[in-house]
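Positions annotated as compositional bias 'Polar residues' by TrEMBL: 68-80. The domain 'J' annotation in TrEMBL covers 96-178. The domain 'Myb-like' feature in TrEMBL is assigned to 455-510, 578-623. Under the heading domain 'SANT', TrEMBL lists 576-631. Annotated region 'Disordered' per TrEMBL: 63-92, 314-357, 418-461, in sequence order.
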Amino acid sequence: MEAQMYRLISYSEEIIDGQPIYIASNCLPIKTSRFEPAGHAFHSTALKLLGYKEEVVAVGDGDEKSVSSDQNSHSCNPSYSSKGKKKSDSGSKQQDHYALLGLSHLRYLASEDQIKKAYRDTALKYHPDKQAALILAEETEAAKQEKKDAIESHFKAIQEAYETLIDPVKRRIYDSTDEFDDEIPMDCAPQDFFKVFGPAFMRNGRWSVTQPVPSLGGDHTPLKEVDSFYDFWYTFKSWREFPHADEYDIEQAESRDHKRWMERQNAKLSEKARKEEYARIRNLVENAYKKDPRILRRKEVEKAEKLRKKEAKFLARKQQEEEATRKAEEEKQQKEKEEKQAAEAALQQKKAREKEKKLLRKERARLRGLSASLVSQGLLEISEDEVEGICTSLNTEQLRNICNKMEMEEGTDRAAVLRDAQVLSHKSENEKQGQIQSQQQNGALRVNESSPFVSTEKKEKPWGKEEIEMLRKGMQKYPKGTSRRWEVISEYMGTGRTVEEILKATKTVLLQKPDSAKAFDSFLEKRKPTQTIVSPLTTREEVEARLAAVSVPETAAAKVVGSLESSGSESSFSGSDQDTWSTVQERALIQALKTFPKETNQRWERVAAAVPGKTVNQCRKKFVLLKENFRNKKTSV
């Protein structure tokens with residue numbers, strides 16, 4: 001097989017001294033570029049260079065045509081992402097299907113029956129067999145062929161228009177790409193609102209899934225219909241499709257994976273366009289809602305109503321405060337009036353009692369004066385004590401009557417009147433005592449009647465310190481969430497406390513603050529005994545006294561201390577041994593006096609407890625002695 005010489009495609013002519021290089025190859029030649037074509041691109045470019053594949057180029061001179069051919073050969077570099085894209089002819093205009101069928105006046109409003117009827121009429125009119133006369137009317141064969149091609153292409157366009165419009169999916173896509181005004185009115189005068197926004201809503205209502213679309217209405221439309229209109233548009237659902245120029249034709253997919261990838265890319269583009277469409281509709285609705293005079297009037301009415309309610313509420317509050325102030329003032333005045341009346345009544349009662357007492361004293365003095373002669377004469381053995389008993393037992397009216405009777409009588413008859421008065425006084429005293437006894441008996445009966453109920457009430461046992469500490473420990477050991485917590489705590493304490501008593505103690509005893517007055521006493525009880533350090537300054541008497549104190553049993557020492565505190569003397573430890581104070585004891589006394597000031601409860605008991613080996617009386621005596629020494633030093637200076 002004879003080898004043919006072809007121009008080298010791997011290097012340009014400028015590389016090797018401007019001389020072309022030829023090689024023998026069994027492949028088709030392609031001029032080199034920055035990226036060499038391969039596969040289908042290699043084969044296509046090779047066919048173009050050999051002239052086996054025609055190319056459509058712009059009309060021009062030969063040089064321009066060759067350059068364009070070279071440029072096409074260089075730019076042929078298809079990729080996976082661009083493979084299968086729909087070809088959009090930017091120069092050709094989209095075919096008007098409705099115009100071909102004579103439905104331009106209806107367009108998307110045309111029904112299926114109207115489309116079928118229009119197609120039958122149009123196909124019958126423009127069928128190539130019906131147009132044979134027009135072909136024969138042409139003179140030349142070329143003109144006849146051209147006319148025939150035009151008639152056939154027009155009839156094919158009619159068929160394509162019918163196939164597109166009769167299919168619901170294709171028609172929806174075509175209607176979505178039909179000419180439409182997407183402009184959104186932004187602003188308008190209040191009187192022009194319905195003229196501007198009414199057509200915009202009617203125009204966009206064609207895309208609604210729900211039909212019929214409510215109308216914008218007029219200035220006097222009820223607010224209920226206005227609210228339903230805006231509710232419809234705020235939940236607007238569109239059937240509009242969004243075919244994109246960069247969409248992929250799934251029928252051109254090379255494999256199943258390639259088809260799925262195309263579907264995903266198309267879905268992304270459609271979703272993006274759908275979001276933009278919904279944003280456009282929402283912008284239209286919001287602009288209309290802001291400019292709608294009916295909504296503005298309602299907002300003004302609501303604002304005025306809100307302001308009116310606020311003012312009414314403020315006035316009601318103010319009136320309520322004034323009413324409360326007036327009632328308080330009236331109650332205050334009424335209270336002052338009642339207090340004044342009560343004071344006046346008390347004053348009147350006081351004056352009446354004083355007047356009664358004065359009259360009683362007067363009648364008693366009168367009775368004493370009338371009975372003085374009888375007592376001195378000893379008539380009917382009447383004594384002064386009996387006269388005083390009559391004065392104390394009888395009231396003013398009775399004494400006045402007796403005095404009046406005694407003034408009317410003389411001698412023994414007057415004494416007899418006084419003796420009758422004595423009998424009357426004894427009788428009144430007996431009556432008083434009987435009333436007192438009956439009252440006491442009634443009181444005892446009430447107590448006896450109520451005693452069964454009182455006895456049934458169980459007196460709660462007071463809580464001691466040890467029980468409180470056990471309760472705290474039990475609550476810490478068995479926290480919240482423990483099964484049968486309070487029964488477990490009661491068993492843990494072991495003091496016989498019931499669950500009710502424990503619950504009551506948690507709300508009362510545990511919440512009580514410790515008494516600050518008894519804090520030092522509890523400190524002394526808990527304090528460990530300190531070790532006694534023998535000072536080199538300790539005297540022999542102190543050492544002997546300590547040894548003696550250690551040898552005495554604790555019970556005996558406690559009895560001695562109790563006897564000292566009760567008698568207030570120091571007879572058992574008499575002499576100069578107990579009056580001797582060491583330097584350590586004096587310092588402890590001074591420190592204790594500073595620690596416990598005058599206002600401290602049980603001051604001297606705490607001071608004595610802080611000074612080792614000294615009682616309360618000894619600390620007091622030492623304090624007085626120190627005070628006298630300080631004063632003597634001050635006066636001497």
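Numbering starts at 1 and runs along the chain as displayed.
The backbone N, Cα and C atoms fix where each Cβ goes, and this holds for glycine too.
Within the chain, the region 'Disordered' (314-357) has long-range Cβ neighbours (under 8 A, six or more residues past its boundaries) at 396. Over the domain 'J' (96-178), the average per-residue pLDDT in this prediction is 86. Secondary structure of the domain 'Myb-like' (578-623) per DSSP (helix as H, G, I; strand as E, B; remaining residues coil): 31 helix, 0 strand, 15 coil.
Residue counts for the domain 'J' (96-178) under DSSP (helix as H, G, I; strand as E, B; rest coil) come to 62 helix, 0 strand, 21 coil.
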